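Structure record follows, encoded as structure tokens.
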Amino acid sequence: MEAHQGARDGGGAADGRRHGEQRGRPQCARSGTDIRAGRETGRSGAGFREDIRGRRFQVHPAVLPGRHSAPHRPAQRRRRALQLLLQGASERGAKRIRVHVLTDGRDVADGSSVRFVEMLEEDLARLREKGVDARIASGGGRMYVTMDRYENDWQVVKRGWDAHVLGEAPHRFRSALEALRKLREEDPKKASDQYLPPFVVVDGSGEPVGPVRDGDAVVTFNFRADRMVMLAKALEYEGFDRFDRVRFPRTRYAGMLQYDGELKLPRHYLVAPPEIQRTSGEYLARNGVRTYACSETVKFGHVTFFWNGNRSGYFDQNLEKYEEIPSDAGIPFNVQPKMKALEIAQKARDAILSQKFDQVRVNIANGDMVGHTGDMEATIVGCKAADEAVKIILDAVEQVGGVFVVTADHGNAEDMAKRDKSGEPLRDKDGKVQTLTSHTLNPVPIAIGGPGLAPGVRFRTDLASAGLANVAATVMNLHGFQAPDHYEPTLIQVVDE
């Protein structure tokens, strides 16, 4: 959500015209970057594969791939990228490869981890036929093991460190498939793909098959770069002190990408990160627009780092203020479904009413984060809190005569049932509707309005495939600026009445 004051040009009727369904796949953080960048950004799976094919790899005795935040076909592309990593390691002499898997169930169907691991085991079996000792060594669910972000809960990363690096976890199995099946059978509600507890794979004598040792090479491979930063710090920083690592193996560590360009983290990476320059935030800062950005920890990067084109810090500290509200740590989001929506709204209201800023942007995360839990009652509570927060902000916009933009980069809470091709809900063997925990494919609305909206401003009707990348030019118009030529066109126009 954004609020603008003193808009000199542009705007649009608040009729909720839809945008956001992008090539038939759910949206993720990269698509959120498109909103700010004014064009589609990031690398496709094909681009990664070409970079991998053309690169002269070092030997990688240990590979840590995270499971992907993407639906089936993109997941297949990432699987191919992993296959190429494993193949490259084998061709360059690696005789011992260990894979540490992180299951999704958040942006793909819950339970799909079993099929992915089955396919991965087939790939590893082919390597073993060539004399490579290739095995899955450990794993866990992305929301409970390893993949925390924005330093919200270091215990999540510690669970991953203990399992992946130390070979220690409360659950020990002879194979990853056995782990997935038995953990889900024991507690199907708690042991979903998202929240699968950490496990290690052991040999016949009960010893873990894949702790990370001195001299190993480690590659972190994950579709979500933002969720690799914390693990990268633990793997790379000598003076790391966020939890007791017990031991710090001397490894050759590389990320698939450099996850943080400002921190130069990690120092070594396999594929050059995409350059996202000339974002709308940079243009506005260079033109003296005063901005305030606020969210809670789990989405703070979406209004700062991602907004600025994967760039940490300010463009102009004299013009910008970023404020983070700590998220609840150590509990699932359905336990406190209101999250920090009202606190964010109150901060935004104060910023708007102060009239110290020309743009106030926030991210209210309830529909996404609580929706991912699959808990319908909690999601309803979360959405009501989000509605209340939006009202607080819009009331403030009304008071100062400003303009608002309300949109999202993907759907989630609006449909929490898995459906067949005809749209009917799928049911389990007991007749209960199967819960959908992933992002949806539904187009998302965009609403633009407020007392400061210029007369005659309407949504354009000549854009056949408008989407997220068109939002940046629209926002720049609302601030009274013409968008750069390389941006996707604005969503709005001024018509004579």
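Every residue number used here counts from 1 along the chain in the order it is shown.
From the backbone N, Cα and C atoms, a Cβ is placed for every residue, glycine too.
Annotation comment: TrEMBL describes 1-54 as region 'Disordered'.
Residues annotated as compositional bias 'Basic and acidic residues' in TrEMBL: 15-24 (among others).
Look at TrEMBL and you will find 36-54 (among others) tagged as compositional bias 'Basic and acidic residues'.
Annotation comment: TrEMBL describes 139-482 as domain 'Metalloenzyme'. Summed and averaged per residue, pLDDT over the domain 'Metalloenzyme' (139-482) gives 93.
The Mn(2+) 1 binding site feature in TrEMBL is assigned to ASP368, HIS372, HIS439. ASP368 (Mn(2+) 1 binding site) falls within a helical segment according to DSSP.
The DSSP secondary structure for HIS410 (Mn(2+) 2 binding site) is coil. What TrEMBL lists as Mn(2+) 2 binding site is ASP409, HIS410.
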Least Cβ-crowded entry, counting other Cβ within 10 Å, from the binding-site residues listed as ASP368, ASP409: ASP368
Integer Cα-Cα distance in angstrom, HIS372 (Mn(2+) 1 binding site) to HIS410 (Mn(2+) 2 binding site): 12
Distance [Cα-Cα, Å, rounded] between HIS439 (Mn(2+) 1 binding site) and HIS410 (Mn(2+) 2 binding site): 7
Rounded inter-Cα distance in Å - HIS410 (Mn(2+) 2 binding site), ASP368 (Mn(2+) 1 binding site): 9
